[in-house]
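Remarks on the structure that follows.
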Amino acid sequence: MQEKIYETIAQPIVGEVLGGKNGTIFVYGQTGSGKTSTMNGNKVKGNTRGIIVRSIESIFEYLNDRLKKDPQFKFLIKCSYIEVYKKVAFDLLQTDGATIKILASGEQINIVGAAEFVVTSVEECLRHLQNGWNNRKTAKISMNPESSRSHAIFMLTLVTEEIKGTFVNLRTSRLNFVDLAGSERQSQTNNIGERLKEGACINQDLLFLATVIRDLGTAKEGAYIPYRNCSLTHLLRDSLGGNSITAVIVTVHPNLKFVGDTLSTLNFAENCKKVKNKAKVNEAFSTKDVEAWKAEKQKVQDENVILKEENVNMSKENQQLKERMEKCQKKDADTILILQNEKKTLKAEAVKYVEEVNEEKQNLQTQISLLEKNVAEQKEQINALENTQKEASELQLAQMKKEYDLKTKEIMDDLKHEKDALQKIKSKLNEYKLLVAEKNESIEKSKNGMDAKILEYETLLEKTVAEQKEQEKNQKETYELQIARMKKEYDLKIRELMDDLKKANEKVVVVEAEVQTDHTGNGSADDTVQQLPEEYAELLDPTRACNLADVIVNGEIDYELLNGQVLFVEGLTYFDGKCKITILFSDYKKLTGNKISVLSLDDLIVNDENGIKVEIDKLWKEVKNVRDLTHKFANNESMHEMAQKLVELAPFPNLYVLCLKNVQDGFDLQSFHQFYMVMFMIFLLII
C-alpha cells in the first residue's frame with residue numbers, strides 16, 4: 001500500500017523537483033486516521049517505508065547515477081525540520097528548541113533562525129529526520145496513543161549545477177513534506193487542560209488553512225489571500241497557489257461515528273482541487289550569458305540614439321524646405337504656381353517620408369519597449385543568478401565543510417590516540433610516583449631506625465668507653481698494688497738468696513782451700529765430695545738445687561721486668577785432677593756492657609703510644625743482640641766440651657741438655673736465663 005501511494009502521488013512530484021521545480025506533499029485528516037504513518041512509516045528498509053523515506057532514496061539514487069554519467073555534474077542537498085506548535089514555529093533540529101521567524105520577500109518565503117544541514121547520503125538525511133522527530137511534541141490521548149500535537153514540515157533543498165560547453169545551468173528546488181496535526185473534537189477526545197489548549201490551536205490552524213485554500217479556489221486573480229493569519233499558512237504560502245507543485249493526501253477514519261469529520265475532510269479535498277498553482281523551473285544563467293545580454297542591450301540603446309539623431313536631421317531639412325517655399329512665394333505667380341506644385345509634390349513626399357519615419361520610430365519604440373522588457377527580465381535573471389551563485393558558493397562551502405569534517409575527524413582520532421597514550425604514560429608515572437613515595441617512606445623509616453640505632457650505639461659506645469676507662473683505671477690500680485706487693489716479696493727472697501749465696505761463697509772458699517790442700521794427695525774428686533762436711537750436704541741436695549734454680553730464675557726475670565736490673569757473671573774457674581779450666585764469659589761481659597734491660601711493668605703501662613713503640617724497638621734490638629751472642633755461645637765447641645765435662649760431674653745432666661736444647665731451638669729471654677742459672681747452679685754444686 002505504501003509503495004502504491006508513493007508511485008501514484010509522490011514519485012511524479014519528486015521527478016519535477018529533480019527538474020528544478022518546487023514541490024509539496026502534505027497530509028490532512030482526523031486524528032488517528034493514519035497521517036503520520038503514511039508520511040513517515042517505518043524509517044528502515046521494508047515495505048512499510050513512508051513517503052519521506054522513499055522520496056529521499058529516489059533523490060539520492062537519481063543524483064548519484066547522474067554524477068557517475070557526468071563527472072562535471074554537481075549537486076547539493078540540505079535539510080531542515082520545522083514544527084508549528086501553538087501558533088509558534090520551532091526548529092526541531094536544534095535541541096534547545098529555538099524559535100524561528102518567517103519573512104516574505106515578494107513571492108519568496110525566507111525562514112530565519114532555522115538550522116540547515118548539508119547531507120551527503122540517505123543515512124545521514126534519515127538521521128536528521130529521526131532527531132527532529134524525537135524533538136517533536138507528541139502526547140497520548142484517548143483516540144491516539146502517540147498523537148502529534150504540532151504541524152511538522154520536513155524540507156529538502158536541492159541545488160544542481162550542469163555544464164554544457166560554456167553554458168552553466170544552476171537550478172534550485174525545494175521539496176516540502178508536511179505532516180499536519182489531526183483535527184479533534186473535545187467530545188470525542190475528552191481532552192482537558194494543556195491537551196485541550198493544544199487541540200484548540202490545532203483546529204484553529206486547520207480552519208485558517210481551509211479558508212486560504214477556499215479563497216484560492218474561488219477568488220479572482222489579484223484578490224487578497226489571508227496567508228498571514230497563522231504561521232502555518234504563512235509558511236506554506238509558496239505551496240498554496242504559488243510556485244510549487246502540490247499534492248494533498250487526505251485520510252479518514254473508517255468508523256461510522258466519525259462520519260461528520262470524514263465529510264469535512266472530503267470537502268477540504270474538494271476545495272484543494274480548485275486551487276491552480278503555477279510552478280516554474282528555478283534556474284539561472286551563468287555569468288557569461290548575463291554579459292552577453294548586457295552587450296545586446298547596449299547595442300540596441302546605441303541604435304536607438306542613432307535613429308533619434310536621424311529624426312532630428314530630417315526635421316531640420318523639413319524646416320529648410322519650408323523656408324525655401326516662403327522665398328519662392330514672393331516670386332511671380334508662375335514661379336509661385338510652380339513652387340506650389342513643387343510644394344505639393346514635396347509635401348506629399350515629406351508626408352510620405354514622415355509617415356515612414358514615424359513608422360520607423362514606432363518600430364524603434366516597440367523595439368525599445370521590448371528591450372526594456374528584456375532588460376527587466378535580465379535584471380530578474382541577474383538577481384536569480386546572484387541567488388544561484390550564492391547557492392553555488394554554499395555548494396562549495398558544503399564540499400569544503402565535508403572535507404574539513406573528514407580532516408577534523410582524522411585529527412580528533414589521532415588526538416584521541418595521543419590522549420590514550422598520554423593517559424597510559426600518566427598512569428605509569430603515577431605508579432612510579434607511588435613507588436618512589438613508598439621507597440622514600442621506607443628509606444625515611446630506615447633512616448629513622450638507623451638514626452635511632454646510631455644514637456643507641458653512640459650512647460652504648462660512650463658508656464662502654466667510660467666503663468673501659470674505669471676498668472683500665474681499676475686494673476692500673478690493681479696492677480700497681482700487685483707490682484708493689486710482688487716487688488716487696490721478690491726483694492725479700494732475693495735478699496735471702498743473696499745471703500745464702502754469700503754463705504755458700506764463703507763455704508766455697510773454705511772448700512776450695514781444702515780441695516787444694518787435698519789435691520796434693522791422690523784422692524779423687526768424688527772422694528772429696530763424699531768427704532764434705534755435713535753442713536754442705538743440703539747444697540748437694542738435688543731437690544734444693546732445683547728449687548733454688550727456679551727461684552733464682554723466676555726471681556731474676558721478675559726482678560728484671562720490675563726494676564730493669566742486669567744480671568752478669570765475671571767468670572767460672574774449675575779445677576779437676578789434671579788441669580785448671582777457666583771459662584771466661586767474655587760474651588756475657590759484652591752482654592753486660594750493652595746493658596740489656598727489660599722495661600718494668602710500670603714503664604709499659606703508659607698512654608703515649610709513640611713512647612711505647614720506641615721502647616719496644618730498643619728492647620727488640622737488645623734481644624736480637626742477646627740472641628746472636630747466645631747462638632755464638634751455643635755453637636762454641638770448646639764451651640760445649642767444658643760444659644759436658646761439668647755436666648758429667650754434676651748430678652743434673654738432663655737439666656743442662658734441656659736448657660741447651662731450648663737455646664738452640666729458638667732463643668727467648670727466659671731460655672737464656674734458665675741456661676745461665678743452670679750453669680751457675682752446676683758450678684755451685686760442683687765446687
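Just so you know, glycine gets a Cβ as well, placed from its N, Cα and C.
Feature list (source: TrEMBL):
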type: BINDING; residues: Gly29, Gln30, Thr31, Gly32, Ser33, Gly34, Lys35, Thr36; note: ATP binding site
type: COILED; residues: 290-514; note: coiled coil
type: DOMAIN; residues: 1-275; note: domain 'Kinesin motor'
Under 8 Å by Cβ from Lys35 (ATP binding site), same chain, sequence gap 6 or more = Val27, Tyr28, Gly29, Ser148, Asp179, Leu180, Gly182, Ile249, Thr251
Remark   = A correct count of other C-beta atoms within 10 Å of the C-beta of Thr36 (ATP binding site) gives 24
Query = What is the number of other Cβ atoms found within 10 Å of the Cβ of Thr31 (ATP binding site)?
reply = 24
Ask   = How many other Cβ atoms are found within 10 Å of the Cβ atom of Gly32 (ATP binding site), counting all protein chains shown?
value = 22
Task = May I ask which residues of the same chain, at least 6 positions away in sequence, place their Cβ under 8 angstroms from the Cβ of Gly34 (ATP binding site)?
result = Thr251
Secondary structure of Thr36 (ATP binding site) (DSSP, helix/strand/coil) = helix
Inquiry  = With Cβ-Cβ distance below 8 Å and at least 6 positions apart along the chain, what are the contacts of Ser33 (ATP binding site)? List them in sequence order.
reply    = Gly182, Thr251, Val252, His253
Task = Would you report the average pLDDT that the model assigns to the domain 'Kinesin motor' (1-275)?
result = 83
